[in-house]
Amino acid sequence: MNKKSIRDIDVKGKRVFTRVDFNVPLEDGKITDDTRIRAALPTIKHLVDGGAKVILASHMGRPKGEKNPEFSLAPVVARLSELLGKDIKLVEEAYGPVAEEAVSKLEEGDVIVLENVRFYPGETKNDPELAEGFAKLADVFVNDAFGAAHRAHASTEGIAHHVETAVAGLLIEKELQVLGKALSNPDRPFTAIIGGSKVADKIGVIDHLLDIVDTLIIGGGLSYTFLKAQGYEVGTSLLEVDKIEQAKEFMKKAEDKGVKFLMPVDCVITKEFGEETYVGSRDIDSIPADHMSLDIGPKTVELYAEAIKASKLVVWNGPMGVFELDKYANGTKGVAQALADSDAYSIIGGGDSAAAAEKFGLADKMSHISTGGGASLEFMEGKALPGVEALNDK
């Protein structure tokens, strides 16, 4: 990683504005998964131990640029206080006189949390005035919100232009090291598994990965567009007619580059979306015209598991089927299990794949689970991440 991190600077006595990703799922005001809070702890502890005055900033949900108690960071602050074993204060404002006063009272090793940065319309517009308002609170800017690093917002990118020292936190440092090595100097054989519902969302990723991988595995809703491109009938399965030509181009590119391109050989079908009309598995050339597929079948799981077993590095992004419904979860579970059982270094690209690994109790068997869905996707497309680009070079 060619960007400075908190390991490269002295933070003692400094006001450190740290952008974290505390955008956690809530139900009735209670946190249902605190993974993102825990992921920020190493950076927070490093700063506290180094004698910094720590100012944490994050977004939560999409409050559309206005204050909404439903999206307050209060539940996060309560959980963070428990995890750190110290009383942490929530500041009602994220910038301006109230925030400035709270910061002025900080002692070395203290931690405060500013209220949701998306309560201000300038945040998502990367408004320079708001960015300057954040910068007024800080001597140092630390970005540790990998989940928001692909967005050029006031608290992720804008602020970096108004402070002298802007560095990465430990989480972003690790993400960039792991993903960066996979894309620039991968252990081989290198296999990528791409699932999810739409080809449109994964065009950049598939295109970029075909330049690097030895094997590309396709699953999930987007596989039916590829199967259709090969001449199979896919019934009422998810299909992007306008992406069939693109799918053909990808298969041609794989052939030209000598990349093994694996697609489903069987699938799990149903008459209608849901578990009531579940039929079971069928070979890929036997999908009835009035049925749809919602998962890969057992033969495909076996085929994919063999490819995973033969790999030294596997990147997985996107589920193999509608894993939220048990009858269509076996494909995703099978792939997750194969990864858990293999000796390969496994990188799970955030979002649904991470949720699936969690659901099947296999998360701790994966080598690296990325904390950024969109960010890891854009990084795998070879795109620069604004929240990283703005940091100081080494």
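Start at 1 and count along the chain as shown; that gives each residue its number.
Every residue, even glycine, has its Cβ placed from backbone N, Cα and C.
The annotation substrate binding site is assigned in Swiss-Prot to ASP21, PHE22, ASN23, ARG36, HIS59, MET60, GLY61, ARG62, ARG118, ARG151 on the grounds of sequence analysis. Under the heading ATP binding site, Swiss-Prot lists LYS202, GLU324, GLY350, GLY351, ASP352, SER353.
Location within the structure of each feature annotated in Swiss-Prot.
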| residue | record | DSSP class |
| --- | --- | --- |
| ASP21 | substrate binding site | coil |
| HIS59 | substrate binding site | coil |
| ARG118 | substrate binding site | helix |
| LYS202 | ATP binding site | helix |
| GLU324 | ATP binding site | coil |
| GLY351 | ATP binding site | helix |
Notebook entry, point to check: From the Cα of ASN23 (substrate binding site) across to the Cα of ASP352 (ATP binding site), what is the distance in angstrom?
Noted result: 15
Checklist line | Length of the line joining the Cα atoms of GLY61 (substrate binding site) and GLY351 (ATP binding site), in Å | finding: 15
Note to self: Please list, in sequence order, the residues in the chain of ASN23 (substrate binding site) that are at least six apart in sequence and whose C-beta is under 8 Å away from its C-beta.
What the structure shows: ARG36, SER58, HIS59, MET60, GLY61, GLY147, ALA148
Check: Among all the protein chains here, how many other CB atoms are within 10 A of the CB of GLY61 (substrate binding site)?
Finding: 15
Checklist line | Span of the substrate site, taken as the largest CA to CA distance across ASP21, PHE22, ASN23, ARG36, HIS59, MET60, GLY61, ARG62, ARG118, ARG151 (Å, rounded to a whole number) | finding: 18
Next item on the list: Counting other Cβ atoms within 10 Å, pick out the least crowded of the binding-site residues HIS59, LYS202.
Entry: LYS202
Item checked: Neighbour count (Cβ, 10 Å) for GLU324 (ATP binding site) -> 13
Item checked: Neighbour count (Cβ, 10 Å) for ARG118 (substrate binding site) -> 25
Check: Could you give the Cα-Cα distance between GLY351 (ATP binding site) and ASP21 (substrate binding site), in whole Å?
Finding: 14
Notebook entry, point to check: Which has the fewest other Cβ atoms within 10 Å: ASP21, ASP352, the binding-site residues listed?
Noted result: ASP352
Next item on the list: Please name which of the binding-site residues listed here, LYS202, GLU324, SER353, is nearest in space to ASP21 (substrate binding site), Cα against Cα.
Entry: SER353
Next item on the list: Using C-alpha atoms only, work out the spacing between ARG118 (substrate binding site) and LYS202 (ATP binding site) and round it to an integer in Å.
Entry: 27
Note to self: Let me check the 10 A CB neighbour count of SER353 (ATP binding site). How many other CB atoms are there?
What the structure shows: 30
